[in-house]
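Among the features that TrEMBL reports, active site is placed at 111, 146, 163. Summarising the annotation, TrEMBL assigns region 'Disordered' to 242-307. According to TrEMBL, the feature compositional bias 'Polar residues' maps to 265-276. As annotated by TrEMBL, compositional bias 'Basic and acidic residues' applies to 279-293.
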C-alpha cells in the first residue's frame, strides 16, 4: 500500500496519523486494516531514494538531471491524500525545513511539493536562478492547475517538477528565452487536449535557506484570453528582463539580512571621515533631494519584503 514505510524507517507521527484517519474514513474496517498493517513484519521494504550529492566539479546541467531523477523516484502522489501541508505564505526558512522532512519520509509528492523540494536541492547552485511558474488550463468543462520550478542557467531556461504527464515536468535548460520555455509547455498541454488559460510567474528565489523572506509566487499574471500571441510573448520577455535587472541590482537571490548589514555599515564609514564638520554642511544640499530619495526608498524596501 502507499502508506508502507519506505525501508522500515520511522516517520513523524503526525503524518502517519493523518493517513490512518484517512483509511478509517474510507474503508469499512479502516482501523482494523491500519493496525494489521502496522503490526505486519513481512511487508516488503521499499527502497528509499538517495538525496543527490555533488562534487564541486559537477556541471549544473548534470546536477539538475540528478535532482529531477530524485524527484521522479519519490513518485507522484495518486492517493488523494496530501502528506505535506504547504502554505505559500510561510517564510523560505520554514519551507526548507519542510523540504528536509520530505527527504526523510520519502513519501510520494505532488507538483507544489516538488517545487519546494527543487528549491531545497538547488540552494547550493548559486549561479542558478529559480522562479515558480504556474499554469491554469481548461479541459472538458473543468479547470486544472499545475506548477513547476523554472530555472535559468547561463541564459538558458528550463524547469524542474513532477506531473502525471512526462512532458509537463522536467525541461532541460536549453531554451534561449523564457517565452520558448512557456510555449513548449503550452504545446505539451495541447497534446494532452488542454487549453492554456493563464500563466503566473514569480520572481527569483533566494539561495539562503535561512532567509525569512517569502517566495513571490505571482509577480506577473498573464491571461491568454486577453492577450494576443505577440503581446503574450512580449510580457514573458518583460518578466525575464525584470528578473535579470533584479538580480543585477543585488535584490534577488541574496537574503535581505545581508542587505541590512550593508545599510548599517554605510553610516559608520561616513562618520569615520576626517572632515566631520564639513560633512554636516555637505548633507544640507543633499537634503533638497530627500523628497525624491525618501519616496524611492520605501518602495525599494517594500519591494524587497514582497520578494
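Here the Cβ of each residue, glycine as well, is placed from N, Cα and C on the backbone.
What you are looking at is a predicted structure, and each value in this text was computed from that prediction instead of being measured.
Features as recorded by TrEMBL, highlighted on the structure.
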residue	record	Cβ neighbours (10 Å)
111	active site	21
146	active site	22
163	active site	18
Requested in this report: Could you measure between residue 146 (active site) and residue 111 (active site) for me? Cα positions, answer in whole angstrom.
Outcome: 7
Report summary line: Rounded Cα distance, in Å, between residue 111 (active site) and residue 163 (active site) is 6
